[in-house]
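Now, the feature entries from TrEMBL:
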TRANSMEM  44-64  transmembrane segment
TRANSMEM  71-88  transmembrane segment
TRANSMEM  108-127  transmembrane segment
TRANSMEM  134-151  transmembrane segment
TRANSMEM  194-218  transmembrane segment
Amino acid sequence: MTQHATNKPAVTASISLGAEGYAADQWPALSGGFLDGAHSPQNVAFYSFCLGALFMAFVGCIVYSVLPLQLSVYLTTLMLFHFLEYFATALWNTPKVNLDSFLIDHSTAYHVANGAGILEFVVEWLLTPEWKQLGWWTLLGFLLVCMGQWARTQAMATAGRSFNHQVQARRLHDHQLVTHGIYSWMRHPSYFGFYFWALGTQLMLANPFSFVAFLFVLHRFFADRIAYEERALLRFFGQDYYAYKQRVGTMMPFIYGC
């Protein structure tokens with residue numbers, strides 16, 4: 001099946017980001033460049049080290065209360081999200097794994113959204129600290145983040161080689177219609193996961209403006225993307241996908257597909 005937040009374009013019952021993938025015995029020579037965009041051992045090691053180091057640094061911020069708790073937890077989950085994107089692809093979809101699988105260089109809109117969320121939190125924490133008190137919304141937001149991350153990773157594990165970070169325009173030879181596991185509960189679990197993960201981060205941060213903006217943008221993005229993707233899936237799988245679509249929903253409010 002398909003899924004994730006990237007730009008609209010290519011389709012499948014799954015998803016992949018640009019660049020070439022390498023099997024375990026096909027790494028480019030170690031003597032290649034560094035931070036040159038190549039899927040080389042040195043670049044993967046560097047990305048993983050940085051994400052791991054930042055993850056542990058933000059865990060330290062939680063333990064020692066260096067930053068507001070919500071902000072530290074948010075930054076920790078953000079590092080984990082990017083690491084798991086690569087790790088899950090490498091584990092269950094090895095032929096398609098590449099440096100872009102980290103989704104670090106995702107899109108300008110993605111980085112602007114994350115930056116705006118952090119900026120709103122800091123400004124409100126300084127000017128209206130009473131808005132940033134811990135409450136039921138903090139726990140609910142954290143639970144949404146955990147649920148979203150689980151759903152997304154589970155979708156990648158279940159779909160295996162049928163998963164791609166980009167919608168595919170044509171059916172590949174190893175592309176199967178996945179309807180078991182988490183796909184028997186919802187049609188697009190990877191999109192579902194990212195949708196609620198992103199909303200959960202802003203609820204956890206108690207960011208009213210970013211939450212509303214995220215809700216609007218995510219709804220519009222996934223409504224368009226799922227409709228676009230499902231038209232391709234109907235071409236690929238015909239009646240099989242139509243029957244699947246009739247019995248399984250998206251589990252995202254007011255997003256119905258094509």
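Using the three backbone atoms N, Cα and C, a Cβ is placed for every residue, glycine included.
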Spell out yes or no: are there three or more C-beta pairs under 8 angstroms between the transmembrane segment (194-218) and the transmembrane segment (71-88), with each pair 6 or more apart in sequence? yes
Take the transmembrane segment (71-88) and find every residue of the same chain, 6 or more past its ends, with a Cβ under 8 Å from one of its Cβ atoms. 44, 47-48, 51-52, 54-55, 58-59, 61-62, 97, 101-104, 114, 117-118, 121-122, 125, 142, 145, 149, 152-153, 156-157, 197, 201, 204-205
